[in-house]
Structure formats: structure tokens, C-alpha cells
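TrEMBL annotations:
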- B:E421: active site, proton acceptor (ACT_SITE)
- B:T138, B:G177: FAD binding site (BINDING)
- B:16-132: domain 'Acyl-coenzyme A oxidase N-terminal' (DOMAIN)
- B:274-436: domain 'Acyl-CoA oxidase C-alpha1' (DOMAIN)
- B:474-652: domain 'Acyl-CoA oxidase C-terminal' (DOMAIN)
There are 2 protein chains.
Amino acid sequence: SVNPDLASERQTASFSVEKLTAWLDGGVEHTQLRRAVVEAIERDPVFSRENQYFESQNERYEAAVRKAVHLQKKMDEMGWTDSGPEFKYIYRALSGDLAFLLHRIFIRSISMLGSDQQIAKWIPLATQHQLIGSYAQTELGHGTYLQGLETTAVFDITTQEFVLNTPNISAMKWWPGDMGRSATHTVVFAQLYVNGKCYGLHPFIVQIRSLQDHSLCPGITAGDIGPKMNFEHIDNGYLMLQNVRVPRENMLSKFCEVQPDGTYVRRGSQKINYFTMTTVRISLILDEVVIPLMKACTIAIRYSVVRRQSKLKPGEQEAKILDYQTQQEKLLPQLAAAYAFYFISDYLQELFNRGYTEIQRKNFDMLPELHAFSSGFKAMVTQYSTSAVEICLRACGGHGYSLLSGLPSLYTKIVASCIYEGENTILFLQTARFLIKCFMAASTGQPVPPSVTYLAAVTPEKCPAENKLDFLSPDIYTEAYQHMAARLINSTAAKLQDLIQSGVKKHDAWNQCTVQLAQAAKAHCHYITVKNFAETVEKLETQPGIQKIMKHLCDLFALHGIFSNAGVFLHDGYISGAQMDMVTASYLDLLAVIRKDAVPLVDAFDFTDKTLNSALGSYDGQVYQRLYEWAQKSPTNKQMSPAYEKYLKPLLHKTLSKL
Amino acid sequence: SVNPDLASERQTASFSVEKLTAWLDGGVEHTQLRRAVVEAIERDPVFSRENQYFESQNERYEAAVRKAVHLQKKMDEMGWTDSGPEFKYIYRALSGDLAFLLHRIFIRSISMLGSDQQIAKWIPLATQHQLIGSYAQTELGHGTYLQGLETTAVFDITTQEFVLNTPNISAMKWWPGDMGRSATHTVVFAQLYVNGKCYGLHPFIVQIRSLQDHSLCPGITAGDIGPKMNFEHIDNGYLMLQNVRVPRENMLSKFCEVQPDGTYVRRGSQKINYFTMTTVRISLILDEVVIPLMKACTIAIRYSVVRRQSKLKPGEQEAKILDYQTQQEKLLPQLAAAYAFYFISDYLQELFNRGYTEIQRKNFDMLPELHAFSSGFKAMVTQYSTSAVEICLRACGGHGYSLLSGLPSLYTKIVASCIYEGENTILFLQTARFLIKCFMAASTGQPVPPSVTYLAAVTPEKCPAENKLDFLSPDIYTEAYQHMAARLINSTAAKLQDLIQSGVKKHDAWNQCTVQLAQAAKAHCHYITVKNFAETVEKLETQPGIQKIMKHLCDLFALHGIFSNAGVFLHDGYISGAQMDMVTASYLDLLAVIRKDAVPLVDAFDFTDKTLNSALGSYDGQVYQRLYEWAQKSPTNKQMSPAYEKYLKPLLHKTLSKL
């Protein structure tokens, strides 16, 4: 039975939850397929995640391998293909709690960077799991700055082989997933040397473990890097190479090749070697960031209408905590952000698809924009969402801190997204470099990509809003964001030029502006996210019920951003203090409006209880019962601890005569 | 041998690290005692924490009990007393990784709330560990709002006993430490009923487990609440009571008592029952928040001069990451905050000592101020420090995410401090209620405590600073904080009154102002922290070297706060846009100044490697070697996973003929 406090929230929805779900899925047929896949996965006990909060790293790894192997069978059985739409639903149902995910990156990098012969040789073996691949890029001493990688691959013309080496401890590969215990093969990124000349970073397929008995191959040292904040199910590994030889054909050579005589041939931008990372950055936004954020919102919002604490009115029953303004102010902006980022993820995917088509045609013109966008949005969305999940966790008080709430593991996992696939600050600075270039170009009338033409646009000097309702106009707030982003880029570019003109060296000047450059890049991404949300709402004309609530969320996302970054809007007087009071008033009013639909808005994400895996977030809201029953299954309650016999009993038995 | 990149940082310190350490400790004799205690603890292998990142919840609990029992012997052996200065050093050396901490709260609450007879009976037994106590306040459905607790204690006049009951599932005690598996006794907070009349919450000593065989006493259901984000070593527990009878003498009765005939007698404010919480809040600031923050800073800053990444100047070696402005901007404000909060913790301790003396004399006048201060500062310091530790973690990139860095466990532990001992938002609102009251009183000329007289003070309407150097004047920035805090309290009080005058009911009006009230309370605490830091620096006249660097840190703490909360300073034009540019310039300049002393400033915290327990933060900076050696000891590298034989081998053996 559903907790009556939760049930009552569903009776007053201002829109159809089913319709919103279908729209989010891109059509009711997608919803049906998703539900069918999720149901098939959840019906199968091999995929159960119920005990994961009790398991050790070794147990988690074993379970992840079991699931990955079983999934292959399941997919054959169900007729699901790796490239079909089903995989994203499978991933969602399993919450990514699966081994061999880096194996997928192994496949992707060969598909993208390998020659036709390499694809023909390796892809069938890999897709049938007749080998297990990994992707070995990061080193113990080197992360996002790829040029700094130290692993070497020297071409030996006499044997037509590359000889790979780890020249010192900081060059040891460190972190690659699936490599610590599972992988038989990996794509190693190494500095290519031919005839003593370094040609920079290139990818090489290297076998690291025997297919016979899984022992390490000659010259290979490898193992697991030990405990982490999350990802216990993944065997992140280390790898040292000592004179490991691979044939010439093992260098991925779609875009560059070493010919038998040692001639180095390039067939495209060297930057294409980093393209796998660009694609990964874009796809992780939905799977690793937005969906976890949606889960956190679902858990925290459902719990917040079941939990009662203190009294709003004297003499009445204790109030649902979501009826407190402070709780609304914690959770509802995160809900709005979840929608905003869901839409921006769509936008990026489209941009990327266009770019990829061009690249397949060997047109690399869009690479800088794609790189800048994938970097900036990866950084912005992961940073914002990490903080959002943390807010959800803390908003659930003590129970949010129990692993059984599901929130701690969402947090400890999402926080990694700020670091992996490019550390966020470095990514923001890469976006900033692009923006500064575009700004310079735009100021001198040169053409720039459509997404940044606003840098040269003329906006009014003052926000025209006259009352708090004006701030519910997307034109008003989108323009405020545009003005603010353009101003930050403009003023940072000016500071940079001033420094250089005053004699500071270019690289020092850049460094002295980086705090502001990163801020400007973030502002740009924030602006595009608001604009894209407003445009998404506009296109919803045919579904007025959904359009109305989405408009509220868009307003909330935008005004929350102004309220919490007030300084950058007030700085040049574009928004005055009096207008900021209007923003605040409209923002706080919106909280009360959206609060009424809060539960339907998370119900529309359509997570099953098993997917959420949370005592606080289940559909029926039986929070306390679930916490109590689940806790009893904890290994800490399975038997009396040996600590009693060993330490407590001798201590306590001294007292028997005295009490 | 010390990593040369780290060694070079120590050669250029602008001050004596030893002198700073001694000053922080409150005198060189304290430093000596601390070092002696820490050394004695660390020399004893029972207290080793080296394996803790590899251990399960059961193993951690067993180790914590072992350490606690062993510590008793050690203390006897060394002549250390519980009430002596040694315990805080012991706690520091063990990083709180110890059982029976709630046992200490059990003792403290009996000492504070018990009658002389009760103290005489229970304290000796408890201090000699002849029973193990806990403190059972929070319930499954009730946390910070104590009046909502549902557990009942009904006085049975015929047997002269209290009958305790858990009326339903949400009334189950939930979370008390040491209660899940260890405790034999606990202080249960329950609603007292005499002759059908409820007298509110009172504390009762209840035995829950047999001293003979540790089995649960009749009427008791208890166990461990299962896995949490941290505190694996603590057996947080649940407890249900069914008609559990305790003698009349078991109600703690220093301030109130039920006499044999059922007469209820009060001897002081009922609020005194919450006083244990006030004292806990103040003492946790140093032990659970400031010291962990200092550790996080130590780890992240040392690592940031060992780690090299990317190039600052083309053609040069990769740069130390602490030489990047963005890395400085992440870490150095957190370092300044660690100092700021260390000083505010001192300030609070003094305030508390004064208050406690008065309370012992049955003068309760200071209670409201003490309560407001302990609430607001607990909330402000825990929130700020949690975010600071997270910044330190993320600033260390992927290696920060490894448990072996020590940072994840610092984070997952400190985040709990935002929730336990009062949820932060509720605490801020309690402080806000006090501030609004004082503001009202001050406006009408009534006397208010000295800490809040500023609410009625007249400040200039514009900040008088004319150039960026003016913002290095404590008068200038302290006044800016004061103005800002007073304005926020003033404007929120005005909004509240406007709402009430326009007919909104008082409790609704309050709720509609809570976002701004919480902000105002935080601003007040931030102001006092800045002011106290500036006053602390001023008193350092006799030690000019230390004074100089502390002055820089104070400036940084203050300007960072203005820079990152620009909106509230710009809002009414007190600081103009042009002045904010000066703040930004001074702030960024300071980063480069303090960067030079960053390592000496964390060295002065004087943590041993064993205390830090971090591969990244050790004194010698041998980061990569330590990570590699420690990872090899992980249980994931102890043997081949059963997953190989079960799942991988069958999969891979299909391929042998094909490669």
C-alpha cells in the first residue's frame, strides 16, 4: 500500500505523468521498449543489486563479471543488439553495475581509429567477448595533459615491431578500467618513436594476459589499484611494460601509419586521436550524470513528502518537510537542473552527430567547436550535478547518509565524473581558449560558429524588467545570461590583453587570468543551457499541460542561477539591486508553485524501485518499514561480532558483582 | 628521502614552522606533550590504521573495539587521564577511529543532568568500562525536532517505576552510536507521563543487554542499522522498547524529578536538557571538522607541489600544479579557512566556558546566546569545511579519488557533521530567530548581548576603499562584512514584518522568509569569524614573522568570502562594481603571495604520516611509490578472483583457436 502522504501528492498533478514520460523518452514506443527491457532485466535474479550495499570490493567485482557474462546470453536470447536502442535501457536498469565497460571503449576506439583490416580482425573477437579489452591512457604521473604521457613505443625496423616500455614509475598506466584483473588486451597510448624521432601519442593494441590461463604476458606487470570512493565493481588497474613487442599492424592506423620502411604517414588531424574522448564525454553526460541526478531527485523528493518534522502551524500535525521553503529551495532547483541537463544532453548529441558525419567524410572543421562544447558542458554539467546530488543527500538528513538510501553511492560515483575524462578546470580552460579566440575573431568581423555569434552582439546596458513578473519572461532572463556571459568573456579578454601589453609574457598572463577564464567558460555553458531549455519549452506548443509545467521549471532553473550567482549579474549594473529583489521574489514564488507538482515531476522519470535501490525513494513511500527490514539483513546483524568474546566479555565480566 | 620538489618548498618559508606550531598549540609545552602522546600511540601496533581502507564494516567495528579496550590499558600504563589534556591528543592520533565514543556522551550527560547520587552510582562504573553506555535520542521518524520524539515513559506509582515504550515504528531509536552491538546501557530520551499528563522530554538510564552474556534484556529489540557512508567502525543502532521497566531513580534528576507520590518538581530551565547537545556541538567543531579540514589541506597542498602537469612556459618542464592560479584558488582559501575556524573554535570554547560556569551557578541567562552561537557556528563551520574538503579531494584529480589518498574518508566523514547534532538548516534558523529578536530589541534601544550590538550600529552607506590595497585593511573588510550581515538581518526582518502586516499569519510569514533568514544567520557567523580572525592577528604583535603570514591568511579568508559572495556585497551598492574589481585583484594577488608559504603553513599543523594515513600527503612526498606499494597490498591483489574460473575462463577459451 502506498503511504497516504505520498499518494495524496499524486492526485493533484497539473499534467499527465504518462504523457510527460513519453515525451521525455521521445515517443510512447520508446517508453514501451524501455519498460520491456527494464522488466526483463529485473525479472532475472542474476542482475539483482539488492545486496550491493553490503558487499566488499572483491564481491562487487565478481558480481559485475557475472552480470556482464550473463548479459551476453540474455542479449542473444532476447535479440537485443549492442548497437540497438536496447543497450542504453539495459545500462539504466543495471545502473552501470557491470564489468567490461572499458571493453566497450576498446571497441569504440578500434572502430574509430582502426584501419578496415584492423576493424575486420579485432571487432568480431571483441564483440563476441573472445578477448577482453581495456583502454590504457592515463598514467600514474599523467592525466588530462596527454602530451605529457611517458610510455614509449619504438619502431624496430628489423623485426617490423613496436617495442613498448614504461620508462619509470610515473609512466605506469594507472586507472584503466577492466585492466586490473580482467583484460587480456588493451589499447596503450604511447609516444611513437621512429628512427629516434618522436611523432607524439599513438594507440597500440597490446595483449597483456594469456588467453590460456590468464597469467600475465612476458614483460607485463599488472594488477588492481585498490579501493576507491566508488566503482568497487570495476577493476581499475595498473600496467608496466618492459620491452613488450607488438607487430607493426597493432598501431591503430586509420589516420596515421608507420610503413614497413619506417616512413610515417598521416591521413588527417592528429587531434582525431583524442576523438574517442570527445565522444565519451558527450555520452557520459546522460548515462553517468543526468540519470543519477534524476534518481537523487526522485529519492529526495519522495522522501520529503513522507518525512514529517516540526510544525508549520502551531497545534497542527508535524509538516511534510517539502512544505518548508528551505527544503523546496534545496531540492526543486536540482529537479529543474535535471530537466535542463536532460535537454542539453540531447542538444549535444545532435551537435555531435552532425560533427561525426563530417569527420567520417574527413572534414575536420567542426572539431574545435565539438571539442570546446564537449569539454565545457562535461565540466559544467558534472560539477553542477555533483553538487546537486550532494544537496539531495544532505536534504534527507541522517537517513540520506545510510547507504540504504541509495544516495551515498550516487554521490560517490557522480563525483568521479568531475575528474575522469578530463579534469573539469582544465576542460573549462580549453573551452575558454576557444571562446577567447572566437571573441577576438567576432570583434574583428571574422566568421564564428553560430553558437558564439552572441559574443559580438549588442545588448542593452540595463535589464528592462520592471516588476517581478517580467522575470518570468524567457527573453528577459535569457538576455541577462547572454549579457553576463559576453561581459565575462569580454572583460577577461581585456585583462589578458592589458597584461600582455604591459609586458607580461603571454603564458604568465594566461595563468593570471585562469580563475576568471574558467568562470567565463562556465557562464557561457550556463547561458546556452538556459537558452536551450527556453527553446525546448517553446517547441512544446502542442502539449499545453506539459508546456506549462516545463515553463515553470525553465523559469526556476534560470532564476535560481541568477539568485545564486547574483554578483556577476549585479557587477556592471545590468541587473540593479531592486531588480535582484524582484528575481528573488519570483524565484521564491516559483518554489511554491512547482512544489505542488514535485512528486509527479519525479514520477515522470519512471524509475523502478529496483533501479533506484533505495529505502527512501520507493514508489510506495514505505520508508521506515523498508529501512528497518533492510538493516536487519546487514552482515553486521548476521552474528555476534568476535569482538564480544575477545574484548567486551572480559571487560564487562569484571562488573557482575557490583550492579 | 624527501622528494626534491617538496624539499625546496621548505627552504623558503617566511616564518618559523616550529614557532607557528607552538603558537597554535598554545605553547611549546603543549606541542611537546602532544608529540609524546601521538608517538606513544603510533608506536603501538594495536592502533595501526594502515589496513583500514581495505576493511569491511565488521572488521572495522572489531578493530575499533579492540583499540578502545587497549586504550584503557594504555592510559593506565601511561598515567593519562580521561579529563586530562591527553585525551584530545589521543583522539587526534587515532583520528577518532575508536569505539565507545557515545559511551563518553553517556558519561557527560549523567555528569551534567544527573543528581549527585546518580553521578556517584553510575560514573565510576562507566569510567571503568564496567558497563558500556550510549545516548538514545534520535528516532527513525524524528531527528532535530526533539519535541516530536514519540518514545514514552509512564510513571507507575504502584511499583515506583517508569515504563518505557516504543509506540510505533517511527518511534524506534535509530542512529545512536555504540548501541547496535556494544552497549549494555543507554540514556533514553522519552516523553514523561505522570498521571496521564505529559511533562515533555526526559532522560532515563535503561539497561539493554545482559552483563552476563550480552543477550538483549526482556522487552528490548536492538541491532545495527547497517552500512553508512562512513563510520563503519561505529555500531550505530536501533532500539525498540516494549514495557521496559526502570526504577524511579533512573530518570536523570539534577534539574527535575518525579517524587514517590508522582509530584513533578523542576529545578531549572527545561532547556537544560538540551545542554549536552550544545556542548557536543562546540567540541565537535575542532575534533570532527577543523582537524579533518587541516588534514585535507595538508594532503592536497603537499601533493600539489609534487604533482606536475602541463606546462606553464613553453619548452620548460611540466609545472607543479600549485603554480597554476586555478589550483591556488581551489586550495589556498581552504587553508585560510582552516586557520579561521581553528581560531573561531577557540573563541567558542571560551564563550562556552564562561556560560558553563554561570549554569553551574544555576544562572541560565547566557543559554539563548550560547544556543544561538553553538547552532550557527556548528552549521557554518561544518558546511564550509565539508565543501572545503571536497574541493581538496577534487583538486587531487584521480588519485584524490583513491581511498589511499585519505581524502575520500575525510569527506565521507565530515559530510555527516552537517547532519548530526542538529541539521544545519534548522540550526541556522534557530540562530536567525535569536538574531531577529536581538535586532528588534536593539532597534528599540533594549540591551542585547555584546556579540550582536552591531545590529543597531550605524555604518557608512558606501565602502570607503579607493584602491586594491585598501582591501588589505581589516577595518575595511570587517566593516563590509558587518554592514552586509546587518543589512541581511535588517531586510529580512522588514520582509517578515511586511508580510505579517499585510495579513499573512506569523508562522506562514516565517516560512516564507526562511531562505533569507538562513542566509542572514550564515552571514552573521561569517562576519564574526572574519572579525575574530582579524583580532587574533592583531594580538600577535610579539611574533612579527607569524603575524605577517597570518595577516595574509586573514586577508585571503575575508576577500575570498567577498569574491565568492559578491552579490550580497554589491546588492545595495555598499561595494561598487569597480571596488569588486579591486577585491578580485587583491584576492588573486594574495594567492601568489601565500602560495610561497603554502607547504610551511600545512607543515605547521604537525600531522604525522600515520595520522594522515595518505599516500599523497606524507611528509616526504614519495607519492607514486607509496601509491604503487600500498595498492599491491589490496585484497583485490591477494589472489585471482573466483570470477576467473567461474565466468572468464569459459568465455575466453572459446577463442584459443582463432588468435
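Each Cβ is built from the backbone N, Cα and C atoms, and glycine gets one as well.
Automatic prediction, not curation, is the source of TrEMBL annotations.
Here the features listed in TrEMBL are painted onto the structure.
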residue	record	Cβ neighbours (10 Å)
B:T138	FAD binding site	20
B:G177	FAD binding site	24
B:E421	active site, proton acceptor	22
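Using DSSP to sort the residues of the domain 'Acyl-coenzyme A oxidase N-terminal' (B:16-132) gives these counts of helix, strand and coil: 87 helix, 0 strand, 30 coil. Candidate recorded positions B:T138, B:G177, B:E421 yield B:T138 as lying near chain A, with Cβ-Cβ distance under 8 angstroms. The secondary structure of B:E421 (active site, proton acceptor), as reduced to three states from DSSP, is coil rather than helix or strand. Here the residue listed as 'active site, proton acceptor' is positioned 10 angstrom away from B:T138 (FAD binding site), judged by their C-alpha atoms.
In this structure, the CA atom of B:G177 (FAD binding site) is 12 Å away from the CA atom of B:E421 (active site, proton acceptor). When pLDDT values are averaged over the domain 'Acyl-CoA oxidase C-terminal' (B:474-652), the model yields 97.
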